[in-house]
């Protein structure tokens, strides 16, 4: 999908139309890297693998494409120039790694589409090898992700962190005002985390955030990430009251992050199957793009695909 001369909102509208109205986003990335044996107890988190295991990053992208993802998100959530420099890399090397995160995702997409073209498999095992649309999204994590202290789950960065601090930090990446100031033409989406189903973790109204996103023509979708599934339905309804653009949701598995222990703790006995039972309700409330965040897996994404497009559900 070319970007030159195309209205950003038209890009996402056409993409969703090609996907039969709904798109599937990938799931937890660090979860899969850890399942493959990676130790991510590091300030760079999953971005560590851009240095040590780029081939595994590509493999995880392919895993999600194979189970039905239409959107794969680069392994750059915690990839920052400052974070890489703290590891002894130069500014140039750091920026190259951030760019490389997108290139690796694009390589995975190309490998997948080539295999489909050769008729090796189809993501729904139906024998239909028609290529489905696949987008690569570059992940831009919050300032708290760079701090690696769990503060992205509270939004409390301290009084010394001002709007200008955040804009300077993200200038090599992008955020709302920067999309305008830097005249960035690449379509963007914003997603926020909530702990109680009304506000962001920092206390800002989700509805107000959605209103700001709706007013920016470079923002093509708005939604919720890394939030317990039980809160998503109400948040979609709040967003739809002020937001005319597609709503994207990729909740976590329902576990709670404990910043003190740097671990996710199980809550409410939720399983992947429980997560997927919400998908139809989210669709009916107005969401258009569906995926998963922390602790979700390719099984989760396969099941979401099944709910949306009618294939028999979760394979264990």
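Note that Cβ sites are derived from N, Cα and C of the backbone, with glycine treated the same way.
What TrEMBL records for this protein:
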- 226, 293, 294: Zn(2+) binding site (BINDING)
- 11-308: domain 'Hcy-binding' (DOMAIN)
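Sequence features, as recorded in TrEMBL, placed on the structure.
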{"residue": "226", "record": "Zn(2+) binding site", "CB count, 10 Å": "21"}
{"residue": "293", "record": "Zn(2+) binding site", "CB count, 10 Å": "25"}
{"residue": "294", "record": "Zn(2+) binding site", "CB count, 10 Å": "19"}
Item checked: Residues close to Zn(2+) site centre defined by 226, 293, 294, Cβ within 8 Å -> 28, 193, 225, 227, 250, 251, 252, 253, 292, 295, 296
Checklist line | pLDDT averaged over the residues of the domain 'Hcy-binding' (11-308) | finding: 84
